[in-house]
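For reference, the structure discussed in these notes is given below.
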Amino acid sequence: MINKIGVLTSGGDSPGMNAAIRSVVRAGLSEGLEIYGISDGYQGLYQDRMRKLDRYSVSDIINRGGTFLGSARFQEFREEAIRAIALNNMSKYGLGALVVIGGDGSYMGAKLLTEMGLPCIGLPGTIDNDVAGTDYTIGYFTALETVVEAIDRLRDTSTSHQRISIVEVMGRYCGDLTMAAAIAGGCEFIVLPEVEFQPEDLVYEIKASIAQGKKHAIVAITEYICNVFELALYIEKETGRETRATVLGHIQRGGNPVAYDRILASRMGAYSIELLLQGYRGRCVGVQNERLVHHDIADVIQNMKRPFRRDFLETARKLF
């Protein structure tokens, strides 16, 4: 029987992680469990940096961005000897299960620990919205608001100077954040990792819009597709229109979480406690059609593919 549970945040931070931690702690306490917070993700687990949390430990954090437990990337956790030390550290405190909040890399750590005998539940915490098994991840909607606000501001100056603006959005190899922000921000052009991209095709479309009288434009592009500063030089050379690139960077990860992320994180955190008490292990929580679901974490990592929102792309193309 599980009496004590650990909780950690791992990988890149996302707004709403604090709300998820708060939910895990308070839902666990309501079931008579003891909850321990682990600092700086799997690194803290390995370094034995854990502390007992009570309901006051998580007071006034639901509205705060980031993660008060801290987060880190710890590639060494792939090594079985490192994980064995982490498990031994957990046993010192009598921890019988672990809730992991993070992206697919964090899920991999939870999968490996489960295979070594520790029941783990994963919660999807990333602004990239690139985790399979869930419609939305914790932090995605807050990041979306941040990106749209940036696009709105870029539009003001692009209009004033009759300029082409390129805005690079996070997302790794998932275009959800870029696509949704482009629709909400009224971007004229969109470049996604899921769709083949040729710079000359983009230039052709920009020239066509200029020929139709368009004075300015905003191009939304997901990170890692190309060097956006080189792309800006190429567009300016080919079109004769001043072009500037803006990389939003880590500002997208910060800020107070919006209401939906707080609600989503709270629901998922409480659900993780339910699953552990019901005997589940090696599962990850998601929300699909607004209903909480859970999947085998190994299946999510290895087999499940996140569907591309082609309906969003079609909408975007009609409106641009």
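Cβ coordinates come from backbone N, Cα and C, glycine included.
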Further substrate ligand in Swiss-Prot, beside Thr126, Ile127, Asp128, Arg163, Met170, Gly171, Arg172, Arg244, His250, Ile251, Gln252, Arg253, within candidate set Glu145, Glu194, Glu223, Glu274: Glu223
Co-listed ATP-binding residue [Swiss-Prot; alongside Arg73, Phe74, Gly103, Asp104, Gly105, Ser106] among Gly6, Gly12, Gly16: Gly12
Entry from the recorded positions list Asp104, Asp128 having the most other CB atoms no farther than 10 A: Asp128
Pairwise Cα distance maximum in Å, ATP-binding residues per record: Gly12, Arg73, Phe74, Gly103, Asp104, Gly105, Ser106: 13
Max pairwise CA distance, angstrom, over record-listed substrate binders Thr126, Ile127, Asp128, Arg163, Met170, Gly171, Arg172, Glu223, Arg244, His250, Ile251, Gln252, Arg253: 32
Cβ-based isolation winner (fewest other Cβ atoms within 10 Å) among the binding-site residues Tyr56, Phe74: Tyr56
Shell list (ATP; ref centroid = CB of Gly12, Arg73, Phe74, Gly103, Asp104, Gly105, Ser106; cutoff 8 A): Ser10, Gly11, Gly41, Gly102, Met108, Gly109
Least Cβ-crowded entry, counting other Cβ within 10 Å, from the binding-site residues listed as Arg22, Arg172, Lys214, Arg244, Arg253: Lys214
